[in-house]
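Listed features, source TrEMBL:
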{"type": "BINDING", "residues": "168, 169, 170, 293, 294, 295, 296, 297, 298, 596, 597, 598", "note": "peptide binding site"}
{"type": "BINDING", "residues": "322, 326, 345", "note": "Zn(2+) binding site"}
{"type": "ACT_SITE", "residues": "323", "note": "active site, proton acceptor"}
{"type": "ACT_SITE", "residues": "411", "note": "active site, proton donor"}
{"type": "DOMAIN", "residues": "494-640", "note": "domain 'Peptidase M1 leukotriene A4 hydrolase/aminopeptidase C-terminal'"}
């Protein structure tokens, strides 16, 4: 009866929080906001917060699980606390204890409130009303299907000799590898002891402080949100690429990776000019297996990058500039919840563009931005065609999880907004000092859009001349308007015009006219070739889009043989556009060569719209879905219009 009453109180509390939040929210009435600070987290982080975590983990390749303990050190924000709410997902908890000078006291707990694709609530009942600081030790084991973890057999690696484990916790998957307050509103430091097979290497998003065969110890002294917790275990080697940087990869890729990412130190130096001192001590890169679902993941001290960046000519290395920028925008100053994801990604793309501009000139910076707008347009027309509400800069996650809302919108629409503000308020000379001051004021904190807005007004109102300019900013339209950005800045279009000319040539003419065109003698660099194909795909009509025309296109520009994944991605989509069933093997070969969501989701989405291609795509998905991370398999299934259990 006692436990029943406690559970009933817990339910009443949750309902009261939801009702209160719905009453106060500026949004329409919605159905699912799990806590006051974060719609996607059960954590009562308004009452207590985790300040430090001690992990003792054992990696069990035979069972595909991690087992051990998480010791959570809490700071209480409310007096006389009786319950702790934590986020979990498919975690098998065996015990919960409060730790004190007198020893460890067992605590009652239960798990409930499961929401699909979100997780569950672990409620810990405190024996007495508690105030001050609190330490809780949780002993548990992850599920073999933990959404944050990808377990690879030796056959799925380059070396073919050892298994491989890696994590991807963003956005809300840390709850599948430890009970935690899985919200970016909370930041904590951590220490970890990692037990793993002796013949492989363990790494984490922290500094390795000690190691011996089979045991690695780590320390992260800078507070991080839960989504930046990361682990990798595999047959890895490293090579230095800068004063504070090394690249990690399997032996078969290490030389290629070191050459591809040789500009890393230059990127860091330019980022420091823009953002201020780098605080994370190390900046290493790890080249991931093909199943990694993102271009990169900004895990502190150890950025994960997709192998699809290994183009052979450094043409895709700006993704590394993006991840480096996250060391400030996202990792140091963090969105408080993922409805404000643009504060992470839009700001990072903005800094990434500035790094490109400092290294390659403002024309390259502007071309970089224009190419982003092409990708945004493509995303809005394909991935988000049926969900226009997710094209807002600030989204409502009351009825969907962050994975459902993930797109290029916060990246490109967000960075475009910042460029608009910079141009409006006096250019880089005026805006960059404010930007550095913003990062300095909110470092180690989690923020909402209004925090940025308020500081912007405080800073620029010091000069009365800016008052009229500030009044011109339509915040509601930028933040809550659907579709493309309401204002496109005056970018230098020199590099873009060449791409548009080539796209028009191939879209509007027959083969004889194309072969005779002097335009074919004009050289385009890799980033322009990518944009040229993007523009071609944007065309509503393409004259005589046949196998012969696509073959000539591939031969003329080298698309058929390129290692550049961005080019191959767009080239195979022309096969889909032309409904070339005979090219299905090539389409699927690309889709199966990597499981980066940026690439596979549009391919599957477009195959789903092709009556003859859809059943083939579904069959292929069912064959390879176990090689995908959970987030990729789940979203691709949605794109195909099937259950991921199909």
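Even glycines carry a Cβ here, placed using N, Cα and C.
Keep in mind it's a predicted model, so treat the numbers as computed, not measured.
In this structure the alpha carbons, written CA, of residue 597 (peptide binding site) and residue 322 (Zn(2+) binding site) are 17 Å apart.
Annotation: 345 are the binding-site residues among 298, 326, 345 whose CA atoms are within 10 angstroms of the CA of residue 411 (active site, proton donor). When pLDDT is averaged over the domain 'Peptidase M1 leukotriene A4 hydrolase/aminopeptidase C-terminal' (494-640), the result is 96.
In terms of local Cβ density within 10 Å, 411 ranks first among the recorded positions 294, 411. In sequence order, the recorded positions near residue 296 (peptide binding site) (Cα within 10 Å of its Cα) are 322, 323, drawn from 322, 323, 345. Considering only the binding-site residues 168, 294, 298, the residue listed as 'active site, proton acceptor' has 298 as its nearest partner by CA-CA distance. Of the recorded residues, residue 168 (peptide binding site) and residue 326 (Zn(2+) binding site) place their C-alpha atoms 16 Å from one another. For residue 298 (peptide binding site), the binding-site residues whose C-alpha atoms fall inside a 10 Å radius of its own C-alpha are 322, 326, out of 322, 326, 345. Between residue 170 (peptide binding site) and residue 345 (Zn(2+) binding site), the C-alpha separation comes to 13 Å.
Within its own chain, residue 326 (Zn(2+) binding site) has 298, 344, 348 as residues 6 or more apart in sequence whose C-beta sits under 8 angstroms from its own.
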